[in-house]
Amino acid sequence: MSVRARAASQGSLEDPDDEVVPYSEDETDDGDQLPEPEPRPAPAAEPGWSFKNKGNAIKTYKYNFLTFLPLNLYEQFKRAANLYFLCLLILQIIPQISTLPWYTTLVPLVLVLGITAIKDLVDDLARHRMDKEINNRRCDVLLNGRFEETRWMNLQVGDVVRLKKNEFIPADILLLSSSNPNSLCYVETAELDGETNLKFKMGLKVTDERLQEEDQLARFNALIMCEEPNNRLDKFVGTMIWDAQSYPLDLDNMLLRGCKIRNTDECHGLVIFAGNDTKIMRNGGKTRFKRTLIDKLMNYMVYTIFGLLVLLCAGLAIGHTYWYESIGSKAWYLYDGLGYSSSTRGFLSFWGYIIILNTMVPISLYVSVEVIRLGQSKFINWDLQMYYADKDTPAKARTTTLNEQLGQIEYIFSDKTGTLTQNIMAFKKCTIKGRTYGDPTSADGVALDRGKPVDFSWNKHADNKFQFEDSFLVSCIRSKKDPQILEFFKLLSLCHTVMVEHKGDELVYQAASPDEGALVTAARNFGFVFLSRTQDTITIMELDHEETYEMLALLDFNSDRKRMSIILRFPDGKIRLYCKGADTVIYQRLDANSQNKETTQEALDIFANETLRTLCLCYKDISQAEFDAWSQKHQAASVSMGNRDEALDLVYEEIEKNLLLIGATAIEDKLQDGVPETIAKLAKADIKIWVLTGDKKGESTMERTVQLRNRQTQRRNDPQGRNKKLKEQFFTESSKNALVITGGWLNEILYEKKKKRRRLRLKKLRKRYTNSSSAPDSSQPVDDWEKEKRQEDFVDMACECSAVICCRVTPKQKANVVSLVKRYKKAVTLSIGDGANDVNMIKTADIGVGISGQEGMQAVMSSDYAFAQFRYLQRLLLVHGRWSYIRMCKFLRYFFYKNFAFTLVHFWFSFFNGFSSQTAYEDWFITLYNVCYSSLPVLLVGLLDQDVNDKLSLRFPKLYLPGQQGSLFNYKNFFISLFHGVFTSLMIFFIPYGAFLQTMGQDGEAPSDYQSFAVVAASSLIITVNLQISLNTSYWTFVNCFAVLGSIAFYFGVMFDIHSAGIHVIFPTTFTFTGAASNALRQPYLWLTIILTVGICLLPVICIQFLHQTIYPSVGDKVQRNRKKYEMEDEEEERKKRKPTFQRGGRSRRSAYAFSHSRGYADLIASGRSIRQRPRVRPELRESIREAPQAENI
């Protein structure tokens, strides 16, 4: 072996597109698989063999010392607003058209660019430090036949590395061997998916036996053929060819970068993917950028303002052309010696007015919006009423750009298991040989009115927390009279992928899903105790004796198969297959002579109506010859590189048939606290909730599907109907309707099949339809138009229902349903889930919410907002979402108003200065108006304002409706702000103008000079806009009051300083309004003018607000009017609830059936060694008497 003999992975010429590689197992593209490799040895020095020596160094930072300034400026000037103001700054440098000093634009532009650049710099410096720390971590690599320490950055593909306990994994590594038996390795994946529970990885049996020592590892010369680098954390496909033998590789053999070695002293591995090719780095790519409706509307409004600006400037330029032609050119005292024609002067005047009126497009708007959003996100994070103390989990706003959209949600798409329910399972009932067990029954089989827990003291391995009320089932088991009952629980103790830890005399089970853990625990209590397992055997205690079974094959569960099987060799040599799964797939595979199918189905329906989760259990005896033939096919499929999963599924199908039914289990999954109340409140807010789940449905939806197909047939029979836009209602009756539909019917309706099959079938259908006079199958669409109409019909029908439940749907179908509602209803959607199977749905919706529950953190890692309980959703939407929407709308309406009022004074002044681009204000006032004089009060309204408090927001969900309707910020509101600004600017210009005409001051001097007029107009404007925001403020605090009064005081303080003689002496050309403020404001006449101007500006607003709230009060106005009464009622209610009350024997609500989407530990079965230690759990208090929780302070 050479100094560094590295295994090279095959790949294509092009790198895969990470955006195309899907995350969900349901979205795999069959076209991306590698061809089947031929078994062949691959020596390290084979001639012509190409090596991919990719380094392991990573680079996540964007800038370095030389590129920061140019690259950051380039990125910032890609924003239209920044580029616009840069162009203005360039125009202001040109003397012929400059009407304002350059600093009036430069100061706010530099402020905006500087704040953003500092933020980007701080973020990038953190990335630099992180990259440096990671790249310089140390690990052991095999060099020259022995392990030497090296930096992570020096690792390359093909290196053999040694990792020790508590070390991070430096690359994507194939596990070869470990210090644990059977090369079992424990890893923590917190940095990968947020989960802190340990995962199990295992090396191949051949590498475990032959690659334990340094010299053995040095001679290792296998060829690894695997998939190309991609971002799929849930899948790996590869084959190891060593000594002319092929061995299948999958994710269970891989140690992924970012994980940490736990409970394993030492392990060895081979680097497969390094650096940016690792899965964690591939997942650090671009994410879907979500924008709010207000964002989009705001951009359109900025474009509208820019259009108005161009029109105004063009009109003023034309006015200047005619004025100069008729007046200016004939006035000798206006001669400037430039010799420009009137049209040239008009052209220059156009650009001059573009500079003057540029504040109509506010540069500080976008920065202010981001500050408000950041503050609102912090309020969500700090909300103690969304903090879940049991798990020490606060609410988390993982994005700062979507807060106001929380106040506009129309549709919520929710997972059920773990989202609406607790995902904590308890075995409640079962049916065996057609008889149902689980209701309160005595040991003699007599039904009881009130049951009591069964005494399991006879079983030393029983779990004390397990509760069951049917004593008759226990007596049947202990008597051993019914072999079917014994076979039922033997199956539960053998057919699973649970890992076991022996902690003293106590058994601790680690299950891939809560369902599986509940079933194995139930078998344990009924006397069939799972004790240990190795890669080849399973040992159980069968009542009073111990038995060991040889495991021949484990056919693991996935969301497509919806079942799992195990093939065992019994001690007497008999081979038997045990299978458990969903009734829909098990019943299709039952033998024709299987008994009790009808009675078991009836029991399943009863269990489903009782909201219990069900699984069917069955078995099959297999001959040795049949197993040998099947085993060869299984081995071939397991090393397949092309479509390995599909090949294994086909092989599994061959053996999983002609099964014999034993019975079915029923598991209870309790609803989370507050779920019914939350759904009821959201429904009152006119938010429609759809449940998209893998659960079993309770009743058929055939009738409505027939309606959909009838409409499709009518369209085909009416070729002219394609141009019709008639909408017919599906439900004529006025009562509320509910739609329950399965994933299978959803496929029929939406025609969502695999891409290749869909294209081929459509092609055949079109060909057959054109070549034959007969109509095609009505269940399949002929073309894309018909497919779209079918989808639209489905959405219309579903939206007419008050409740929609989609059962047995895959993760891809969940995302498709969300996409359809977004596409055809143009509605704002929110998806909420807790598991990896909800990630696609969460990413597809406008808002994604993750619940940190029992299924790990994958949903949280992909979400926009996260918390621990579904009930917090009502507070997130009805309180934080509504407040954020109202605040943002107020902020934008006022922001546009104050800029129109400020800028349009220049427009009116133009009619009195020959349209000469003369400004109406002093230059420094123009510079500081948006930055200092009027920014803080409106910023605080955007951060703190609330029309009613949080309790009333939850008490009156109808307050949420304006957000859904978008009634607080739209083009109507925009033009109202525009006309309000026009009115204010008229008053601010013409009232002082009229007051200055032919007047005389107290000292006998006329105060009607330009500078005094500018001071009066500016003072009137500042007082008006700051008092206007006071009228719009609903929630007053000391900070708001200080901001309004402080802004006015700050304006006068700065103005007197800027107009002082001292600063004029230092900067004579920059500060030219020497003494203007002191001269003007010492005249009582001008103070009266300011008061009159402010009064006339505000009086109509006060009158309109009073009349609107009196004659046309909104729901919010009515609630505000009676706020004191409601607050007193709430206080009285809370006083009553403070007394602790005790409830006896209270029963919790139960959820509906579900089938877990999580994959088991099939290929990770170890030798029965202890898995991770768990902290000792203290005995719980009796649940029969518990203190009722205090009412939540909402």
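Any Cβ shown, glycine's included, is placed from N, Cα and C.
What TrEMBL says about a protein is an automatic prediction, not a curated fact.
Going by TrEMBL, these are the annotated features:
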type	residues	note
ACT_SITE	Asp415	active site, 4-aspartylphosphate intermediate
BINDING	Asp415, Thr417, Asp834, Asp838	Mg(2+) binding site
BINDING	Asp415, Lys416, Thr417, Glu516, Phe557, Lys580, Arg613, Thr693, Gly694, Asp695, Arg808, Lys814, Asn837, Asp838	ATP binding site
COMPBIAS	715-724	compositional bias 'Basic and acidic residues'
COMPBIAS	1177-1186	compositional bias 'Basic and acidic residues'
DOMAIN	135-201	domain 'P-type ATPase A'
REGION	1-49	region 'Disordered'
REGION	701-724	region 'Disordered'
REGION	765-786	region 'Disordered'
REGION	1125-1154	region 'Disordered'
REGION	1172-1194	region 'Disordered'
TRANSMEM	80-97	transmembrane segment
TRANSMEM	103-122	transmembrane segment
TRANSMEM	300-323	transmembrane segment
TRANSMEM	350-369	transmembrane segment
TRANSMEM	891-912	transmembrane segment
TRANSMEM	924-944	transmembrane segment
TRANSMEM	974-998	transmembrane segment
TRANSMEM	1010-1027	transmembrane segment
TRANSMEM	1034-1052	transmembrane segment
TRANSMEM	1085-1107	transmembrane segment
Between the transmembrane segment (891-912) and the stretches 80-97, 924-944, 974-998, 1034-1052, 1085-1107, the largest tally of CB pairs under 8 Å belongs to 974-998
Comparing the Cα of Arg613 (ATP binding site) with the Cα atoms of the recorded positions Asp415, Thr417, Asp838, the shortest distance belongs to Thr417
The answer for the transmembrane segment (80-97), taking Cβ pairs under 8 Å and residues 6+ beyond its ends, is 104-106, 108-109, 112-113, 302, 306, 348, 351-352, 354-355, 358, 361, 363, 365-366
Across the domain 'P-type ATPase A' (135-201), DSSP labelling yields 11 helix, 35 strand, 21 coil
Spatial neighbours of the transmembrane segment (103-122) not adjacent in sequence (6+ beyond its ends, CB under 8 Å) are 62-63, 68, 72-73, 75-76, 82, 85-86, 88-89, 92, 355, 358, 363-364, 366-367, 923, 926-927, 930-931
Whole-Å Cα distance, Thr417 (Mg(2+) binding site) to Asn837 (ATP binding site), is 11
Contact count check, CB pairs under 8 angstroms to the transmembrane segment (924-944), set 350-369, 974-998, 1010-1027, 1034-1052; argmax is 1034-1052
Given the transmembrane segment (350-369), its same-chain partners at Cβ distance under 8 Å and 6+ residues beyond its ends are 79, 81-82, 84-85, 88, 91-92, 94, 97-100, 105, 108-109, 112, 115-116, 298, 302, 305-306, 308-310, 312-314, 316-317, 888, 891-892, 895-896, 899-900, 902-903, 906-907, 910, 917, 919, 926, 929-931, 935, 938-939, 942
Integer Å value for the Cα distance linking Asn837 (ATP binding site) with Asp415 (active site, 4-aspartylphosphate intermediate) is 9
Taken over the domain 'P-type ATPase A' (135-201), the predicted model's pLDDT averages 86
Min neighbour Cβ count (10 Å) across binding-site residues Arg613, Arg808 flags Arg808
Spacing of the two Cα atoms, Arg808 (ATP binding site) and the residue listed as 'active site, 4-aspartylphosphate intermediate', in whole angstrom, works out to 11
Going by C-beta under 8 A and a gap of 6 or more residues, the same-chain neighbours of Asp415 (active site, 4-aspartylphosphate intermediate) are Val691, Leu692, Thr693, Lys814, Ile832, Gly833, Asp834, Gly835, Asn837, Asp838, Met841
Top of the binding-site residues Thr417, Asn837 by count of other CB atoms within 10 A is Thr417
For the binding-site residues listed (Phe557, Asp834), most other Cβ atoms within 10 Å of the Cβ sits at Asp834
Row Asp838 (Mg(2+) binding site), column other C-beta within 10 angstroms, all chains, value 34
